[in-house]
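S.K.: Quick one: structure below, then a few questions.
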Amino acid sequence: METLAAAAPARSFFPSFLLLACGTLVAALLGAAHWLGLFYQLVHKVDKASIQHGGENVAAVLRAHGVRFLFTLVGGHISPLLVACEKIGIRVVDTRHEVTAVFAADAVARLTGTVGVAAVTAGPGLTNTVTAVKNAQIAQSPVLLLGGAASTLLQNRGALQAIDQMSLFRPLCKFCASVRRVRDIVPTLRLAMAAAQSGTPGPVFVELPIDVLYPYFMVQKEMVPTKPPKGLMGRVVSWYLENHLANLFAGAWEPQPEGPLPLDIPQASPQQVQRCMEILSRAKRPLIVLGSQALLPPTPADRLRAAVETLGIPCFLGGMARGLLGRNHPLHIRQNRSAALKKADVVLLAGAVCDFRLSYGRVLSRSSKIIIVNRNRKEMLLNSDMFWKPQEAVQGDVGSFVVKLVEGLKGQTWASDWAEELREADRQKEQAFREKALTPVAQHLNPVRVLQLVEETLPDNSILVVDGGDFVGTAAHLVQSRGPLRWLDPGAFGTLGVGAGFALGAKLCRPDAEVWCLFGDGAFGYSLIEFDTFIRHKIPVIALIGNDAGWTQISREQVPCLGSNVACGLAYTDYHKAAMGLGAQGLLLSREKEDQVVEVLRDAQQQCRDGHPVVVNILIGRTDFRDGSIAV
């Protein structure tokens with residue numbers, strides 16, 4: 001009896017085990033079939049006769065998102081998408097270095113409020129963009145980088161220019177994706193475009209392997225053996241390759257939505273706006289610091305300007321907010337920012353950040369009430385645990401917040417003596433600048449005087465691109481942006497080499513504007529070769545080089561601190577002649593033409609209006625204007 005009782009569970013165990021094993025096997029087979037795309041292929045067929053290619057899908061999405069320009073340096077991995085974009089009317093602009101292509105896309109993003117797009121080839125093509133992508137991340141520019149890649153089958157197998165590109169760009173981009181099938185191109189790009197503009201804007205990266213971009217017949221030729229395979233293993237491999245090819249192209253040309261997805265833009269709550277209104281309404285010496293985020297969509301620049309004027313509070317403008325109020329506006333305070341911030345009783349940091357530019361928050365008075373508005377919470381609270389504390393920290397869109405604030409404070413006025421006190425400090429500082437402009441220098445031209453004459457010459461429709469250290473730092477005090485979205489600098493990353501790319505993007509976006517680039521002679525070395533790009537694509541811009549034969553911003557501190565000028569010296573190079581060798585017009589300004597500075601600048605303007613890119617090589621001397629400025 002005991003034996004029979006023990007045998008009964010054993011007999012019931014084996015069918016259960018067999019059932020479990022069969023179920024596991026079936027599940028595994030179904031999973032493998034799904035992974036191999038067999039189920040999808042039952043419903044979505046492969047059009048083997050089609051000559052369409054994935055590049056056309058890329059172009060269609062870009063067009064549906066209003067993309068007008070694609071910046072690139074050509075490579076075989078990405079040729080189909082370049083050809084497709086050209087075919088449907090997207091202007092393809094090729095540069096001489098991949099970093100310039102991304103800088104140009106960055107400029108388009110900043111000036112238009114849309115996504116700027118660059119496409120580069122695999123491997124070294126992508127690694128050449130890293131600095132520009134990081135700059136876009138820190139500047140919060142919505143840039144889409146399309147990168148070629150080795151075919152899906154050959155990745156991690158030693159293919160030409162094949163590296164782990166995803167790991168390289170994940171720390172730099174808000175969104176990274178590698179497309180594995182042609183049908184995934186459209187939805188992936190739509191997600192990337194939305195991610196670039198939502199929340200805190202920033203760069204996104206989409207990897208496009210070569211076999212999702214080329215047409216079926218070309219990929220088949222490279223992937224599937226032409227001779228019948230021999231042996232069982234050969235037939236298995238051949239089947240796997242044919243199935244992989246089928247899965248790449250299954251459903252590739254079926255209609256899909258291509259247009260923009262909804263954006264997620266954070267907004268301040270009505271309660272937060274109300275509390276900030278109450279703080280400002282009690283202020284006696286209020287002050288606003290507007291940063292680049294204030295100019296982001298959806299609030300148009302002219303509406304933001306009207307709101308700031310209605311509010312009537314003195315303000316400092318930085319980054320892309322430079323020029324918001326035009327030239328010489330009574331509310332725009334340009335000098336002595338640190339002193340003004342110490343005196344203010346309420347400070348509104350609208351898109352401004354307490355990083356090195358505000359001395360990590362140390363320039364703010366501990367007795368001041370601080371309101372800070374930013375889309376990015378981490379950035380908003382930077383250093384608030386050490387040097388400053390916000391009264392109100394509002395995570396939301398800056399422009400929309402300012403507009404709502406003004407709507408609630410209509411009729412509110414502040415004593416005029418506060419603004420007049422700040423304007424008087426401005427006038428005193430500018431008088432000191434005029435005196436420095438008259439101070440003789442040991443050789444060549446006084447850069448302060450040159451930049452004052454540039455300020456007098458700039459037309460109202462100009463866009464300023466600045467790329468350099470000492471010369472550009474001087475210009476930031478002396479040369480005013482003529483309007484909103486008419487000033488381009490690298491941003492908080494302090495990147496040298498942005499000039500040519502920014503100028504390229506700016507002139508394409510605003511063909512009727514005069515684009516003036518202010519270069520240091522060190523920085524100009526990065527951009528010189530792109531005058532070939534300007535010539536080939538008929539992009540007339542004006543480049544002014546402050547040539548003092550050195551990395552002066554560094555030597556200004558290195559020499560007195562460490563007693564050596566090592567690695568800081570350059571030559572008074574004939575940059576204008578080098579540009580002429582590339583087909584541009586070149587002009588020289590030296591002490592011999594000290595009384596002809598304006599005349600030479602007018603000549604450069606005329607040549608630019610005639611369709612020529614122009615380089616003005618300005619030989620300048622050294623002054624103490626920038627003594628004490630930071631270089632690290």
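Glycine too: its Cβ is placed from the backbone N, Cα and C atoms.
Whatever TrEMBL says is automated annotation, not expert-curated.
The transmembrane segment feature in TrEMBL is assigned to 12-36. The annotation domain 'Thiamine pyrophosphate enzyme N-terminal TPP-binding' is assigned in TrEMBL to 53-168. The feature domain 'Thiamine pyrophosphate enzyme central' is assigned by TrEMBL to 273-405. Marked as domain 'Thiamine pyrophosphate enzyme TPP-binding' by TrEMBL: 467-618.
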S.K.: Determine the mean pLDDT over the domain 'Thiamine pyrophosphate enzyme TPP-binding' (467-618), rounding to the nearest whole number.
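M.R.: A mean pLDDT of 96 is what the predicted model shows over the domain 'Thiamine pyrophosphate enzyme TPP-binding' (467-618).
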S.K.: In the domain 'Thiamine pyrophosphate enzyme central' (273-405), how many residues does DSSP put in helix, strand and coil?
M.R.: 52 helix, 24 strand, 57 coil
S.K.: Write out how many residues of the domain 'Thiamine pyrophosphate enzyme N-terminal TPP-binding' (53-168) are helix, how many strand and how many coil, based on DSSP.
M.R.: 56 helix, 21 strand, 39 coil
